[in-house]
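Annotated features in TrEMBL:
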type   : residues : note
DOMAIN : 30-120   : domain 'Fibronectin type-III'
DOMAIN : 144-237  : domain 'Fibronectin type-III'
DOMAIN : 266-320  : domain 'Fibronectin type-III'
REGION : 1-26     : region 'Disordered'
REGION : 119-146  : region 'Disordered'
REGION : 235-257  : region 'Disordered'
Amino acid sequence: EELLLPSEEPQPEKRQTEAPASNAPPAKAVLVELRVSSVTPSSVQLQWSVPKGSFDSFMLQYRDAQGQPQALPIDGGFRSVTVPGLSPSHRYRFHLYGLQGGKRIDRVSIDVITATAKPEEVPLPSKEPQPEDRQSEGAASEAPPGRVVLGELSVSNVTTHSVQLQWSVPEGAFDSFTLQYRDAQGQPQALPIDGGSRSVTVPGLSPSHRYLFHLWGLRGGKRIDRVSIDIITEEPEELPVPSEEPQPEKPQTEPLASEAPLARAVLGELRVSSVTPDSVQLQWSVPRGSFDSFTLQYRDAHGQPQALPIDGGSRSVMVP
């Protein structure tokens with residue numbers, strides 16, 4: 001009940017669009033124009049403005065390619081967001097809600113069609129070696145005083161359907177990053193990442209598949225440095241026999257043992273893998289069985305409930 005799609009709750013929009021002038025208090029916040037600033041085959045970058053007042057937070061809602069509702073909570077100070085993990089050539093309808101005092105005050109919407117996945121649209125780093133060559137071979141002599149350097153790209157978690165990567169920036173700062181790889185069908189994918197991030201979770205991967213990830217650091221619209229890594233996702237999990245791991249089942253045995261002990265899925269420990277001033281990265285395990293999906297629920301700094309849907313193959317999530 002905490003997470004309703006915009007179609008299920010049209011009232012806030014109607015109040016806003018039909019009679020904003022007559023009943024609006026002086027401090028009422030107003031959302032204006034949700035627009036697209038960037039589109040790739042697998043992501044969309046959206047921007048908006050707040051010409052009047054301010055919002056405590058925003059909530060971006062849409063349905064994924066499988067028709068499942070997704071909700072992305074956004075800090076009230078933001079005016080743009082990148083939505084990753086989309087499907088090529090697919091139409092999405094995005095709804096951005098502005099929240100104030102725990103209530104949805106205003107909404108703006110937009111229809112976006114992601115770009116077509118074509119190899120020539122997303123050149124992989126192997127076709128463009130010059131930026132890396134300059135950085136790695138002659139960086140010391142050519143680099144200006146403000147040069148930036150990418151540190152090692154490493155793996156912090158691997159599952160059958162996702163990979164969590166981490167990196168460092170030992171010198172300088174980048175405006176943004178781009179993670180590039182080819183999916184299991186050989187199609188190039190590009191995931192834009194904020195310049196302040198130092199980790200990313202890549203969902204939607206295939207089990208037992210080898211992926212070559214390239215992380216580019218961008219500044220001033222140019223690719224400055226690159227780091228790469230080879231990763232093989234985990235094999236598909238087989239359901240273990242219940243007698244192999246009885247311990248986690250015991251606290252819940254009374255109500256559930258008679259229902260479906262063989263197919264019952266069990267969640268392992270939830271732990272923190274990374275913390276920044278404005279985000280937390282969580283990890284968990286599924287020692288037995290499998291889940292269709294997960295939902296992470298929490299209350300934000302204003303006490304408002306937030307719900308973040310997560311793919312069933314994921315074992316980690318970054319909460320922004």
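Glycine is treated like the rest: Cβ placed from N, Cα and C.
The structure displayed is predicted, hence computed values, not measured ones.
Assigned with DSSP, the residues of the domain 'Fibronectin type-III' (30-120) fall into helix, strand and coil as follows: 2 helix, 58 strand, 31 coil. Averaged over the domain 'Fibronectin type-III' (30-120), the predicted model has a pLDDT of 87.
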